[in-house]
Ligand code: DX5
Ligand code: ZN
């Protein structure tokens with residue numbers, strides 16, 4: 001299902017399957033979607049850009065048929081350009097690269113859209129918003145990292161909330177989603193929502209408990225906290 005931007009700002013929860021049971025990914029995706037997930041967030045890592053190795057295009061392609069919502073793929077790989085085509089062909093709806101993942105961000109963004117995906121840019125904690133100032137017209141999603149990427153279950157970085165607010169201001173009325181990722185739970189999600197983000201990635205805070213009932217309660221707790 002191709003994803004389209006809705007100018008009406010609505011809260012979306014994007015469970016990160018990094019915290020799911022990797023032996024049952026298809027089932028976990030179906031369960032979490034049945035329990036209110038809006039998007040499915042996928043975290044490929046290369047053991048080089050970040051100190052962890054996770055999944056590649058083959059696994060992304062394998063889970064694709066199970067995703068009925070939106071497959072939001074957050075590449076933590078560098079250089080990213082070499083793999084854009086493979087992750088696009090694997091069925092990504094949104095492909096996000098880190099601003100640091102290559103020498104020519106603008107070119108990378110054009111490549112992502114050229115393969116038919118929405119293009120996202122992830123900003124590390126210390127990466128200034130200004131790196132995307134002159135390519136906003138080629139961006140569909142800004143991902144503000146609220147942890148150092150690489151692992152789930154880390155603590156939220158409060159100093160980044162100001163960057164979320166600045167990003168919301170920079171977006172203005174452009175059709176760009178504003179996503180936060182890392183340490184998002186019922187305590188920290190309201191801070192991000194108030195600062196202007198609309199997509200909350202949450203791994204451990206959603207998959208905690210391990211049953212579909214838990215996922216439902218966990219997603220509802222994040223959504224209710226933002227009301
Ligand atoms: C980490 C990933 C995140 C991670 C978030 O680098 O980008 O998506 O799964 O996990 P939590 O929500 O547990 O911080
Ligand atoms: Zn992520």
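Using N, Cα and C of the backbone, Cβ positions are placed for all residues, glycine too.
Listed features, source TrEMBL:
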| type | residues | note |
| --- | --- | --- |
| ACT_SITE | 43 | active site, proton acceptor |
| ACT_SITE | 181 | active site, proton donor |
| BINDING | 16, 74, 150, 151, 152, 153, 181, 182, 183, 203, 204 | substrate binding site |
| BINDING | 41, 43, 74, 181 | divalent metal cation binding site |
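Overlay of TrEMBL annotations on the structure.
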{"residue": "16", "record": "substrate binding site", "contacts (Cβ under 8 Å, 6+ apart)": "41, 42, 43, 152, 181, 201, 202, 203, 206"}
{"residue": "74", "record": "divalent metal cation binding site", "contacts (Cβ under 8 Å, 6+ apart)": "41, 42, 43, 44, 96, 120, 122, 143, 181, 201"}
{"residue": "150", "record": "substrate binding site", "contacts (Cβ under 8 Å, 6+ apart)": "45, 50, 51, 52, 76"}
{"residue": "183", "record": "substrate binding site", "contacts (Cβ under 8 Å, 6+ apart)": "146, 147, 154, 155, 156, 157"}
{"residue": "204", "record": "substrate binding site", "contacts (Cβ under 8 Å, 6+ apart)": "19, 152, 153, 185"}
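The secondary structure of residue 204 (substrate binding site), as reduced to three states from DSSP, is helical. Only 43, 74, 181, of the recorded positions 43, 74, 150, 181, 183, place a Cβ under 6 Å from an atom of ligand 2. One way to see the shell of the divalent metal cation site is to take the Cβ centroid of 41, 43, 74, 181; the remaining same-chain residues with a Cβ within 8 Å of it are 14, 16, 18, 42, 72, 73, 96, 143, 201, 203. Among the record's substrate binders, 16, 74, 150, 151, 152, 153, 181, 182, 183, 203, 204, no two C-alpha atoms are more than 17 Å apart, and one pair sits at exactly that spread.
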